[in-house]
């Protein structure tokens, strides 16, 4: 941590226990309260949107799954959904069920990974036995999530069964039985983790004496509990602006590698709490630590839905539609573990990508993290940040410049 005592400016670089590379710049008053926060993505831009132009549409889901090794499944699903929407391709019911299931598997792995990265925020140094117990519990859960992706998706890291038109293949009766048994064990572990993890968070808030730590007044964005719904968002209200136009701080303008999505002109929180508020009875507007609790609750809802899918799935059902390309523009939405993940594709009748846009899940939460930190003591800034389970690799974005002036020029309306 670097402190400038003249300007009361604190830099935490890098921030830790999340995916990717980022840093926090905090402007604090004499009492250490954060007046202004900048949460800056320092992960290099890879340029996936530009890379896809002119490529065969089938390459898109394969490529975008390489954006991130944790969020690969959600990118593959959102990409396929966007292209299918562009060409009016209707995925068979069993293909959609399998696609939802593989996405849930990703969540069943990703959420516990976040719990693993955050337990040190709430455990005391002498609680070694409890820490070991929780780690073992979490690792069992992660293995089940990866098992679901491996069996349904065909591979645990970049699942090849997620294809345009649906899913490449169905699962067998033996695979179904194996998944059912594993998910039943996950259900027990998830409930145990929820109880113990929630107790730790509630104790932490009581001990620091800030029950509303990280609270903010910004809206939530979510489209579905376990899949995604492109019609749940008014796309006329979604804009994406360069960070250079969003920030008033020169270092922030020059450092961050994201663009800022806004909903109705303001930042919006996505992710577990947003989904639980929109589609459940979760409390609204509380501490950022509520996001950790909502994430633990989502483990339970996700595993229940996974078991339902196994009951609904026809193992002899068709899982993939015929694909015929035509000129079109489509939107694909999937509720990633961290927030709403959106891919937009313009496709030609030759089956090639004309243009491609991505608003990855964590992109929504970068500006929200800043708002959540402001007004609270600086020593809790990373704890608040970690509650959002940021994936910095996903949030990196293309930078659009004027070829002559080299100035950032683009403000993107989504439609």
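Cβ coordinates come from backbone N, Cα and C, glycine included.
Under the heading Ni(2+) binding site, Swiss-Prot lists 68, 71, 391, 394.
Here the features listed in Swiss-Prot are placed on the structure.
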{"residue": "68", "record": "Ni(2+) binding site", "CB count, 10 Å": "23"}
{"residue": "71", "record": "Ni(2+) binding site", "CB count, 10 Å": "26"}
{"residue": "391", "record": "Ni(2+) binding site", "CB count, 10 Å": "28"}
{"residue": "394", "record": "Ni(2+) binding site", "CB count, 10 Å": "30"}
Beyond the site residues 68, 71, 391, 394: chain residues whose C-beta lies within 8 Å of the centroid, for Ni(2+): 19, 20, 67, 70, 72, 74, 75, 336, 338, 360, 361, 362, 393, 395
Assigned conformation of residue 391 (Ni(2+) binding site) - DSSP reduced to three states: strand
